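Trainee: Quick paste of what TrEMBL says about this protein:
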TRANSMEM  A:75-99  transmembrane segment
TRANSMEM  A:160-182  transmembrane segment
TRANSMEM  A:202-222  transmembrane segment
TRANSMEM  A:234-250  transmembrane segment
TRANSMEM  A:262-286  transmembrane segment
TRANSMEM  A:339-363  transmembrane segment
TRANSMEM  A:375-392  transmembrane segment
TRANSMEM  A:448-468  transmembrane segment
TRANSMEM  A:475-494  transmembrane segment
TRANSMEM  A:522-547  transmembrane segment
DOMAIN    A:607-671  domain 'CBS'
DOMAIN    A:704-762  domain 'CBS'
2 protein chains.
Amino acid sequence: MGLEDPNMVNAGDMNGSGNLMDFLDEPFPDVGTYEDFHTIDWLREKSRDTDRHRKITSKSKESIWEFIKSLLDAWSGWVVMLLIGLLAGTLAGVIDLAVDWMTDLKEGVCLSAFWYSHEQCCWTSNETTFDDRDKCPQWQKWSELLVNQSEGASAYILNYFLYIMWALCFAFLAVSLVRVFAPYACGSGIPEIKTILSGFIIRGYLGKWTLLIKTVTLVLVVSSGLSLGKEGPLVHVACCCGNFFSSLFSKYSKNEGKRREVLSAAAAAGVSVAFGAPIGGVLFSLEEVSYYFPLKTLWRSFFAALVAAFTLRSINPFGNSRLVLFYVEYHTPWYMAELFPFILLGVFGGLWGTLFIRCNIAWCRRRKTTRLGKYPVLEVIVITAITAIIAYPNPYTRRSTSELISELFNDCGALESSQLCDYINDPNMTRPVDDIPDRPAGPGVYTAMWQLALALVFKIVITIFTFGMKIPSGLFIPSMAVGAMAGRMVGIGVEQLAYHHHDWIIFRNWCRPGADCVTPGLYAMVGAAACLGGVTRMTVSLVVIMFELTGGLEYIVPLMAAAVTSKWVADAFGKEGIYEAHIHLNGYPFLDVKDEFTHRTLATDVMRPRRGEAPLSVLTQDSMTVEDVETLIKETDYNGFPVVVSKDSERLIGFAQRRELILAIKNARQRQDGVVSNSIVYFTEDPPELPPNSPHPLKLRRILNLSPFTVTDHTPMETVVDIFRKLGLRQCLVTRSGRLLGIITKKDVLRHMAQMANQDPESIMFN
Amino acid sequence: MGLEDPNMVNAGDMNGSGNLMDFLDEPFPDVGTYEDFHTIDWLREKSRDTDRHRKITSKSKESIWEFIKSLLDAWSGWVVMLLIGLLAGTLAGVIDLAVDWMTDLKEGVCLSAFWYSHEQCCWTSNETTFDDRDKCPQWQKWSELLVNQSEGASAYILNYFLYIMWALCFAFLAVSLVRVFAPYACGSGIPEIKTILSGFIIRGYLGKWTLLIKTVTLVLVVSSGLSLGKEGPLVHVACCCGNFFSSLFSKYSKNEGKRREVLSAAAAAGVSVAFGAPIGGVLFSLEEVSYYFPLKTLWRSFFAALVAAFTLRSINPFGNSRLVLFYVEYHTPWYMAELFPFILLGVFGGLWGTLFIRCNIAWCRRRKTTRLGKYPVLEVIVITAITAIIAYPNPYTRRSTSELISELFNDCGALESSQLCDYINDPNMTRPVDDIPDRPAGPGVYTAMWQLALALVFKIVITIFTFGMKIPSGLFIPSMAVGAMAGRMVGIGVEQLAYHHHDWIIFRNWCRPGADCVTPGLYAMVGAAACLGGVTRMTVSLVVIMFELTGGLEYIVPLMAAAVTSKWVADAFGKEGIYEAHIHLNGYPFLDVKDEFTHRTLATDVMRPRRGEAPLSVLTQDSMTVEDVETLIKETDYNGFPVVVSKDSERLIGFAQRRELILAIKNARQRQDGVVSNSIVYFTEDPPELPPNSPHPLKLRRILNLSPFTVTDHTPMETVVDIFRKLGLRQCLVTRSGRLLGIITKKDVLRHMAQMANQDPESIMFN
């Protein structure tokens with residue numbers, strides 16, 4: 001066993017129980033793992049990884065083969081990143097293509113090849129001219145195919161009916177798949193991923209089934225026309241990929257801390273393919289999702305994000321070498337006076353964010369607490385039906401939301417056939433196509449305006465009810481759509497105002513007649529950024545994502561102005577973004593790095609036991625029997641026990657994990673001769689000589705963590721919170737003048753924080 | 001005094017001595033400040049800021065005026081950022097303009113207005129056609145002006161002589177100004193800024209004089225033609241701006257922790273204007289410079305970086321709406337086969353980085369230890385003379401280095417008149433100007449090749465001796481120049497190979513005759529990135545800066561391939577980048593977040609006192625007289641003393657700072673009646689009743705830090721290092737079973753790390 005060799009003991013002690021397996025031939029297989037819905041201990045995971053690394057380094061000097069193995073181990077991080085990038089990019093491409101096809105399937109089918117989407121169908125058709133590129137003989141609406149009518153009331157009703165039927169069909173399939181195969185595949189996944197990355201275990205949340213079902217159902221729900229997006233779930237899908245590949249390498253699969261580094265990078269890859277923004281993805285992971293983000297992870301995340309982006313680009317789902325449908329290039333600069341409407345859009349975004357979070361959380365709480373939650377399939381069916389019935393008549397809600405955003409972002413060029421670009425042209429004018437001056441709006445624009453207004457109201461209401469149902473549902477796209485619609489309307493308003501009143505003081509300096517001074521598409525983009533910012537409270541990553549969409553430094557100032565205003569306005573009504581609100585709703589133990597704890601409480605106010613409570617359950621180093629320990633374990637449900645010199649002196653020796661105590665005793669009883677119920681348990685280094693007929697002692701120093709974290713009872717909670725956050729502790733012991741007084745767990749910290757913020761401390765449910 | 005009120009004591013205890021002033025009417029003015037060349041305590045600074053914040057929040061409810069004051073306080077962070085951005089952008093613009101003018105002054109003068117640079121002079125001249133835009137009558141070389149000759153040997157010699165004289169003149173002025181007014185203005189400043197940001201005090205390093213002198217001398221040394229750049233010093237200049245503006249707001253001036261947040265953002269603004277890359281600047285600050293970088297700082301840094309970039313753009317120093325001279329746009333994609341030369345360039349960059357760091361550090365060490373260091377002015381004069389003498393005859397070294405880089409990066413368009421673009425054109429060809437196929441090289445290209453080779457060797461050698469002299473000197477530009485020259489040569493080589501052998505297998509697929517397949521400018525850029533990466537070991541920020549220079553996702557893969565290769569190659573020869581090497585050379589106490597500590601040592605191996613040393617100097621809580629304490633302070637030079645219950649029990653009560661003990665005793669002796677040398681010092685809460693004729697006791701609980709940080713003696717050093725890093729501690733006490741054993745300071749940790757890495761532990765000089 002080698003445990004009596006003092007050097008070995010010393011090495012084994014160094015990190016509590018981390019490298020136990022090296023010395024005991026893995027006697028209990030579950031050592032070092034965690035139970036489901038429990039918090040991990042970051043320091044311990046880090047220690048274990050360092051041990052592993054040390055072992056490999058020392059072995060690598062022994063033989064060439066070990067050296068090669070150590071090289072492979074060092075490279076495995078990059079290999080995992082490469083694989084994640086490739087798979088995430090491929091999945092994103094496949095999802096894009098499938099959504100494209102299935103969305104069009106609701107309206108018609110391609111006769112030449114049924115697997116073509118509307119656009120692909122008409123590409124292959126050579127007969128089309130530019131003007132009617134959307135009308136090609138191969139593409140047939142359902143009414144044309146079934147009753148040979150393309151116009152008229154009955155054709156409209158048939159198409160309408162089939163549209164709703166397809167939508168219901170997709171949604172029903174999606175919700176059934178989720179319920180039967182992978183209940184964790186619902187929602188956007190970002191709140192749970194944030195919690196997992198902060199060091200929490202939710203088994204199966206990133207499993208293979210979740211990956212498969214989420215990918216398939218994502219296609220179904222997006223195609224069904226529900227008011228949701230694929231961007232958030234793509235992050236979840238990418239994290240599932242990350243989890244899958246990290247399970248292939250023991251470096252990551254056996255260490256919860258290292259695994260989370262991979263997941264952080266995977267989240268970056270997910271955003272990278274969702275928005276075609278690799279740098280934005282990395283910053284999103286850094287700012288919004290990750291908890292522990294060392295510089296090495298930054299670099300690897302960047303690599304994964306790039307690989308994912310390039311994979312997606314080689315799949316080329318949109319047929320234009322772009323990563324997203326709504327990439328734009330503007331040709332006109334913006335002017336100082338326009339900052340005012342931009343800031344107004346920011347205020348709108350902030351208000352929308354507040355409204356959405358409040359209403360959505362209220363509705364989700366209702367779903368959790370009332371009978372509503374018992375009929376998830378019915379709920380999805382009803383919402384889908386309502387969405388489809390209201391959406392079909394309005395051209396702006398009938399199409400897919402990302403196409404809508406794309407149209408709203410676009411500048412009106414000369415070749416644009418959209419209703420939004422129905423301006424009255426000056427027939428005498430001959431100017432290059434990309435420099436069109438401001439023109440008066442035509443009837444199409446006015447029609448578009450009220451259709452957009454209706455679509456806006458509809459989107460605002462329906463999104464509140466959609467997000468949180470038991471299907472994959474992202475929030476980025478609906479938020480952006482709300483902002484883009486509002487922004488485009490404001491933009492057209494400003495444009496027409498400037499056209500008709502170019503002699504007003506505010507326009508006189510920059511908007512002469514015949515100049516192209518207002519770009520309504522830019523307003524749409526600013527509005528989208530504002531609304532997305534209001535809901536998620538992203539800042540830098542939001543601006544960088546938008547910057548990567550436009551590809552110019554030029555428009556950063558409008559975007560920033562709107563994003564900052566939106567954040568400030570939304571923060572004035574409540575500090576929580578939608579993801580934090582959902583984390584809170586679910587009671588996950590998430591210690592946000594952004595929250596500042598500023599109350600004047602001390603560790604002594606938070607620690608257990610409180611005044612009047614039973615004293616702390618402790619183990620003594622050399623006076624308890626196996627039976628005593630077993631009784632203590634049975635009677636309490638604490639995750640671990642401090643070990644003290646004796647009940648009287650209460651001087652702290654170390655800390656023993658419950659799980660490992662149980663395993664060690666079970667193991668000793670099975671394998672070690674002479675260990676019986678009244679064997680004495682020794683946590684000391686050298687148990688004293690026992691009389692010959694006394695039972696064999698049980699030596700447990702090897703599972704004792706000899707460096708438990710302690711603070712004094714006078715430590716301000718502010719410092720304690722900081723320590724928990726930065727070191728990722730599970731628990732911390734409280735002492736006064738060297739005497740053990742109590743214990744503070746992560747749950748205690750979170751409950752105290754909730755209490756100080758006038759929230760219900762019982763809402764924190766897990767440890 | 002109110003100190004007897006238990007609630008008040010409790011509140012006062014909460015953060016050691018942080019909010020002491022509230023209760024004692026600021027009795028000793030220096031409390032809470034640090035001595036020069038000492039490490040700060042991040043936890044304490046954070047506590048103090050929270051106290052301040054709490055005070056303002058509670059006051060803000062009292063009156064409207066206080067509420068407005070609290071709003072102003074909350075906004076002051078943004079105001080500081082705005083001011084930093086404005087000043088840093090302005091200074092960068094002024095430096096660019098001044099360098100431009102003074103560099104040209106070495107060759108000639110503008111007759112129409114002497115304050116015009118060559119380019120500005122010829123802009124205003126209307127007579128020039130495109131071909132001879134560099135030749136305009138208003139611009140006269142010195143020989144033309146003085147002896148009326150523009151050609152011929154004597155004119156050349158006169159120009160040569162005056163070039164050297166101007167260079168010497170500028171360099172002498174610069175080194176004298178630095179020596180007389182601001183010795184801290186020398187070097188790039190980045191190593192010291194890294195150290196300061198990690199929590200070290202160097203008074204005056206970011207002062208107003210340093211700002212002024214560094215700005216002026218930077219212009220002088222760059223104009224003198226020395227092989228150095230302005231990018232690194234610009235970061236120092238921006239940080240000086242940050243320090244200046246933070247001294248205007250008490251929130252930042254009185255808190256060393258908050259001040260460092262501002263400095264991190266200022267560093268981002270500095271890089272933003274140096275490279276015209278706001279996002280790259282933020283990532284540089286995050287990756288390379290900063291130590292404590294909360295998300296709030298990320299967002300503010302981004303704001304400062306953007307303001308700085310826009311300020312610089314409105315100054316428009318290069319007359320092209322670009323932020324930097326070497327902004328480029330390429331028109332040709334790259335091909336997979338080209339990855340091989342790109343990776344070769346990465347290897348070159350890594351080797352150059354290693355060579356440079358080794359030689360430069362050896363030379364700097366020599367300068368520090370031998371008599372060489374006593375003649376800084378002479379050294380600068382000699383190096384300037386050598387540089388000027390060798391540089392003038394070669395057109396690629398005569399011009400300013402950033403112009404050289406700009407030319408090397410540029411793609412050869414049809415209108416390019418440079419020697420590097422002297423290709424043999426096919427007279428039959430009529431193609432658009434921006435899509436020129438590969439052509440055979442003309443004689444100009446061959447001349448350029450050997451001139452570039454000579455310039456490369458010269459730059460490599462001279463930069464080693466230049467960096468580290470007592471003048472402001474940045475390293476980015478010379479490194480990039482070395483890489484760009486090597487890259488351009490490789491690029492031309494590959495291009496000619498592809499042109500002459502387009503039937504080779506490696507070229508056959510992508511490089512048909514008449515195609516534009518190789519862009520030598522891209523090779524130059526990749527080479528520049530590789531060399532910069534090799535020297536500084538930047539990764540993400542480097543790629544993002546380069547991405548912002550080219551403005552396209554397209555070329556990220558070549559840049560990343562080169563940057564990664566270069567980092568790996570350089571890391572294989574030594575982990576330290578040039579900045580860490582200089583920090584190390586100067587013995588600053590810098591605990592790098594990137595270093596991983598993987599040794600199996602325990603806290604007990606590192607703590608003082610070691611075995612055999614005198615026992616730890618401690619204070620007891622209620623048995624020492626004022627004289628005892630004074631003697632202890634006099635006899636030791638420790639920064640603080642643990643306070644224990646009694647010498648026998650050694651149970652820890654708290655920690656008292658030396659500085660505050662001295663101030664408190666001095667203050668008590670002056671102001672408090674009855675405190676004499678044999679007064680007992682009490683650190684307890686309630687001193688016992690004393691006999692009536694005994695001397696008045698001195699109660700010092702208020703300066704006692706009741707929550708000192710402790711670890712057990714069995715804690716692995718790996719964890720201790722982590723704690724020091726993440727919590728920014730100054731010292732940590734070591735206990736075993738509640739008994740005080742020893743103390744570990746940051747210096748001990750650093751010395752131990754140096755020892756484990758087989759370096760000289762005595763090289764860490766400061767505490």
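Heads up, the Cβ atoms here are built off N, Cα and C, so glycines get one too.
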Trainee: Which listed stretch (A:75-99, A:160-182, A:339-363, A:475-494) has the most C-beta pairs under 8 A with the transmembrane segment (A:262-286)?
Mentor: A:75-99
Trainee: Considering every residue in the domain 'CBS' (A:607-671), what is the mean pLDDT value?
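Mentor: Per the prediction, mean pLDDT sits at 87 for the domain 'CBS' (A:607-671).
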Trainee: Could you give me the DSSP helix, strand and coil counts for the domain 'CBS' (A:607-671)?
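Mentor: For the domain 'CBS' (A:607-671), the helix, strand and coil counts are 24 helix, 17 strand, 24 coil.
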Trainee: For the transmembrane segment (A:234-250), what are the same-chain contacts with Cβ under 8 Å, counting residues 6+ beyond its ends?
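Mentor: Apart from its flanks, the transmembrane segment (A:234-250) reaches 76, 79-80, 83-84, 87-88, 91-92, 95, 188-190, 192-193, 206-208, 210-211, 214-215, 218, 258-259, 262-263, 265-267, 269-271, 273-274, 289, 308, 472, 474.
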Trainee: Which residues, given as numbers and ranges, are at least 6 beyond the ends of the transmembrane segment (A:475-494) yet have a Cβ under 8 Å from it?
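Mentor: Non-local partners: 188, 227-232, 274, 338, 341, 344-345, 348-349, 352, 356, 396, 401-402, 404-405, 408-409, 420, 441, 445, 449, 452-453, 455-456, 459-460, 463, 466-467, 518-532, 534-536, 578.
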Trainee: Can you tell me how the residues of the domain 'CBS' (A:704-762) break down into helix, strand and coil by DSSP?
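Mentor: Grouping H, G, I as helix and E, B as strand yields 24 helix, 19 strand, 16 coil.
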